[in-house]
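A short write-up of the structure that comes next.
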């Protein structure tokens, strides 16, 4: 019985993190993202490789000071 409960809770946790996440314009959900480039620091030189679950800018976009993902020329 406890094994079934564990499997059920594990499946629910996976579904709630991957399907319940809504990202903004030019963003995508990453289950293990890190070191997101920004307008202030477009090139990340040092990265800790720490997994951060959540929305990050799509490839080719940078996060501006307002928290929006924009093309580099819009910074």
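Placed from the backbone N, Cα and C atoms, the Cβ positions cover glycine too.
With a cut-off of 8 Å between CB atoms and residues at least 6 apart in sequence, the same chain places 29, 55 near residue 23 (disulfide bond), listed in sequence order. Annotation note: residue 23 (disulfide bond) sits in a coil segment as assigned by DSSP. Annotation comment: Swiss-Prot describes 23-55 (among others) as disulfide bond, evidence class similarity to another entry.
Cβ neighbours of residue 51 (disulfide bond) (same chain, under 8 Å, six or more residues apart in sequence): 31, 32, 33, 34. Sequence annotations record features per position, and here Swiss-Prot assigns disulfide bond to 32-51 (among others) based on similarity to another entry.
Annotation source Swiss-Prot lists disulfide bond at 35-47 (among others). The secondary structure of residue 47 (disulfide bond), as reduced to three states from DSSP, is coil rather than helix or strand.
The feature disulfide bond is assigned by Swiss-Prot to 39-75 (among others), with similarity to another entry given as support. Applying an 8 A CB threshold to same-chain residues 6+ apart, the list for residue 75 (disulfide bond) reads 39, 42, 62, 64.
Annotation comment: Swiss-Prot describes 57-69 (among others) as disulfide bond, evidence class similarity to another entry. Every protein chain considered, the tally of other Cβ atoms within 10 Å of the Cβ of residue 69 (disulfide bond) stands at 22.
The average pLDDT computed over the domain 'TIL' (23-75) stands at 94. Taken from Swiss-Prot, the feature domain 'TIL' covers 23-75.
Sequence annotations record features per position, and here Swiss-Prot assigns signal peptide to 1-20 based on sequence analysis.
Secondary structure at residue 55 (disulfide bond), taken from DSSP and collapsed to helix, strand or coil, is strand. Summary for the disulfide-bonded residues 32, 35, 47: the Cβ-based neighbour count within 10 Å is maximal at 35.
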